[in-house]
Amino acid sequence: MQGGRSDNSVLGSWGGKFDVRASSEGESSGYESEVEITSRISLGYTFDAVLHSLRTFFAVSISLPVAWMCLHPTIGSFRARKFRMVDKGTKTVVWVQKKLRSRLGDYYFGFFSFCAEEEFYLLLLPFLIWNVDHILGRRVTLIVCIGLVLGNTMKDVFGLPRPPSPPVWRPAHQEAIDSTNLQDFGFPSTHAMNAVSNSAFTFLYLTSTPSTFNVQDILSDRKNALMFAFVILYISSLCLSRLYLGAHTPTDLRGGLSLGVILTATYWASSEVIDSYYLSTPNLLLKLIFTGMITLLLMPQPRPVTPTFSQNALLCGLITGCCYGSRQYVDLKSISFHGNAIITGDGMTFSLPEYVPVDLVRSIFLAWNPYLRTFIRTIFGYIVVLLLRVVAKSVSTMILSCVGISVKPHIDRQMSRQRRRKKLRVVRLFTRDIDIVGSAIVKMFTYSVLAWAITFFVPFLDCVLGLLEYEQNQLI
């Protein structure tokens with residue numbers, strides 16, 4: 001994934017480079033790529049050249065339309081303009097912090113900023129899938145993941161810095177909470193993209209369909225109007241939290257909001273077609289794995305490396321597991337029980353050992369209060385998902401270690417000192433410190449298993465145990 005040339009020149013023919021200066025006066029962006037990665041292993045001149053060309057095309061095809069929408073002919077001119085706006089935006093961030101800073105504000109905006117983090121989605125989306133609406137849950141998962149992949153790619157292409165601290169204030173815990181530790185670039189704000197995509201898509205899903213969409217009809221309903229007001233409050237609070245916490249400038253937020261609107265409109269209009277494809281196409285798993293690997297291979301590789309590549313591997317895993325798990329769940333069609341035999345609508349039969357009292361367990365859980373079953377179902381699901389995550393990560397790491405790819409290589413300090421004294425250049429597979437390819441494989445596999453468990457395995461177990469009636473959960 002990290003093989004090939006450094007992509008600092010990906011914009012060379014499009015009006016700029018990743019480490020271009022902020023202005024003709026020589027002001028630095030603070031993110032110049034002064035470190036040359038010499039420890040990577042070349043895969044051959046021809047392969048490197050082809051890969052570099054494909055990465056350039058991929059980066060430009062995603063980012064150049066954004067420049068055109070802002071009436072800039074090239075990515076370079078767009079980036080130079082945004083660089084100048086970062087300095088102005090930093091002053092705006094400082095002004096906002098001086099006006100709004102308070103203990104209550106720290107808690108309020110800290111909470112809303114958390115509402116677009118990985119941990120929040122890993123708590124909310126499973127609950128949505130298991131207890132509310134399977135279709136809505138999987139579609140929100142996909143729109144969030146797709147938006148993050150696109151946003152992360154644009155961040156590495158545009159390379160616009162976050163507001164510097166100081167003068168901007170940041171809470172001591174902010175970097176620890178942020179999924180990338182604020183070590184990635186700033187434009188566009190993926191928090192702003194998520195704020196629009198998850199809330200606006202949910203609102204549209206619950207109130208209308210693409211074929212019957214009418215703003216006046218939707219907002220004339222009192223409940224819909226109240227829901228819309230909550231969506232506006234949520235988006236406004238989350239975006240303002242990024243200014244308050246010093247994570248983004250206004251230009252980052254404007255870009256994120258605009259792209260979030262475009263993504264929401266596009267995905268909402270095509271969600272039925274997308275669902276229809278991955279719920280019916282043959283060889284789905286192979287197609288998902290191939291698409292994920294190609295996507296990661298084509299990701300821009302700025303130097304120094306940013307956390308976005310690792311996060312994109314995680315996101316590709318979530319997309320793979322979500323689509324495949326949803327497909328398996330829909331393919332069940334129905335579940336019936338004959339003694340200890342479980343028969344699904346697609347003709348599959350699972351036989352449990354005679355000593356497993358399936359009928360007794362089902363009768364007990366089905367007799368419980370629905371709210372209690374929901375609580376037990378949720379806690380049980382989280383436990384299963386966490387256990388599978390640990391197992392998947394351990395197994396994938398062990399397998400990679402057996403074939404010589406160490407995700408977290410052991411460092412023999414004595415041997416390292418001896419090598420330094422001998423002035424020998426030691427090169428591990430792909431990188432000196434950590435095998436980025438191995439890390440990406442582990443993340444993609446682990447989160448594929450996690451998403452598969454959320455969309456299929458846990459609901460299936462719930463149906464077997466009597467914690468969930470299969471017919472109660474929407475399928476298509």
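Positions of Cβ are set from backbone N, Cα and C atoms, glycine also.
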Annotated stretch (transmembrane segment, per TrEMBL) among the listed ranges 277-299, 438-460: 277-299
Annotated transmembrane segment segment (source TrEMBL; candidates 37-54, 199-216, 253-270): 253-270
Recorded stretch, among 107-130, 225-247, 253-270, 379-405, maximising Cβ pairs under 8 Å relative to the transmembrane segment (56-75): 253-270
Maximum Cβ pairs under 8 Å to the transmembrane segment (225-247) - stretch from the list 107-130, 253-270, 277-299: 107-130
Within-chain partners of the transmembrane segment (253-270) [C-beta distance under 8 Å, separation at least 6 from its ends]: 66, 69, 139, 142-143, 146-147, 150-151, 154, 187-197, 200-201, 204-205, 210, 235, 239, 242-243
Model confidence over the domain 'Phosphatidic acid phosphatase type 2/haloperoxidase' (136-268) (mean pLDDT, whole number): 87
